[in-house]
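J.: Pasting the relevant annotations from Swiss-Prot:
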BINDING   20-27, 82-86, 137-140  GTP binding site
BINDING   THR27  Mg(2+) binding site
DOMAIN    11-205  domain 'tr-type G'
REGION    20-27  region 'G1'
REGION    61-65  region 'G2'
REGION    137-140  region 'G4'
Amino acid sequence: MAEKEHYERTKPHVNIGTIGHVDHGKTTLTAAITKVLAAKGLAKAEDYADIDAAPEEKERGITINTAHVEYETEKRHYAHIDAPGHADYVKNMITGAAQMDGAILVVAATDGPMPQTREHILLARQVGVQYIVVFLNKTDLVDDDELVDLVEMEVRDLLSEYDFPGDDVPVVRGSALKALEGDPEQEKVILHLMDVIDDYIPTPKRPTDKPFMMPVEDVFTITGRGTVASGRIDRGTVKVGDEVEIVGLTEDVLKSTVTGLEMFHKTLDLGEAGDNVGVLLRGISHDQIQRGQVLAEPGSIQTHKNFKGEVYVMTKEEGGRHTPFFSNYRPQFYFHTTDVTGTIELPDGVEMVMPGDNVTFTVNLQKPVALEKGLKFTIREGGHTVGAGVVSDILD
């Protein structure tokens, strides 16, 4: 048993999820995958009802229902998320409660692409999911193969419309329900789908391989040694002697060298993504660095004031606003570790935004912030979270 434990950790880890229109079979497919892989000793079979009764979670103050299942193929370990309701799915994507490296788009061959199919593809594009594999479900209910071909073409066109490689995206046809009921042919289809996912969705770059970045949470002075910035390393690694830049909240970028590194009050040789560390900085005084800035590998991140965001606006029940907002609304945007006031401009044709809406708008921040596409933020008003978003485009 102990050996197996060790083996499991050596497989590369990938996060995926099922997306698509309501009742097209996302949860049935999730259950079928666990059942078929369980028969090979690679998963624990999860019941449809268990997946569907997803527990509530809080992410950045927003309540989301999400089911998490895990399973393995010969090559990889997967964490798979399935969000039962459409609103849950939207919230999941935007808050980053479930970071997806790739997604399985489930489309019922009986219906073809529906409104939420389009919406989920758009969201996947906005939040940076780069790889989509299509499962054409319920093909057993369509007598005419040409109709299935037609649906496949429609799905490919739709993916191309949102800048996915529609012509190259793998499409697998089958029946998730039949596989779940034990039909041997359809069980083979599920195994084929997993092979396709293994091959098509690349193993993500580990956070430690990316350029160093740490949002600053706190700054203090150690007498006789200098200024320490503390925080959780977001990505990359850092060691004594590394050059870093202090970026954000001002137009100036300061350079410094790391002269000491501590974790849990012990010295550290190498800090890596996920570690909470204190970084001693050469030649930096206490008033030259503040919470909300980031320490980063030189040249790896810039400040911006204007961006486009994909946003979920919380409902009154979730603790959000009770009333709509309009262009020129000026809440605080919480990035990394600090609030910055920004002015919202709604897109043409959108007069106002209601609590519960999912919307794309542009923001002009009062101060420059270290921003990049894919960065998550919350929107706050008087200390309360009223929405969550992700940077979908930089505009300056």
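The backbone N, Cα and C atoms fix where each Cβ goes, glycine too.
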J.: Measuring Cα to Cα, how many Å separate THR139 (GTP binding site) from the residue listed as 'Mg(2+) binding site'?
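T.: THR139 (GTP binding site) to the residue listed as 'Mg(2+) binding site', Cα-Cα distance: 17 Å.
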J.: Here's one to test understanding: among the binding-site residues GLY20, ALA83, HIS86, whose C-alpha is closest in space to the C-alpha of the residue listed as 'Mg(2+) binding site'?
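T.: Considering only the listed binding-site residues, the nearest one is ALA83.
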J.: By DSSP, how many residues in the region 'G4' (137-140) are helix, how many strand, and how many coil?
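T.: Tallying H, G and I as helix, E and B as strand, the rest coil: 2 helix, 1 strand, 1 coil.
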J.: If you average per-residue pLDDT over the domain 'tr-type G' (11-205), what number do you get?
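T.: Taking every residue in the domain 'tr-type G' (11-205) and averaging pLDDT yields 91.
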J.: Who sits close to HIS86 (GTP binding site): which same-chain residues at least 6 apart have their Cβ under 8 Å from its Cβ?
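T.: Non-local contacts for HIS86 (GTP binding site): VAL22, GLN116, GLU119.
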J.: So, three-state DSSP: helix, strand or coil for ALA83 (GTP binding site)?
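T.: Coil, per DSSP.
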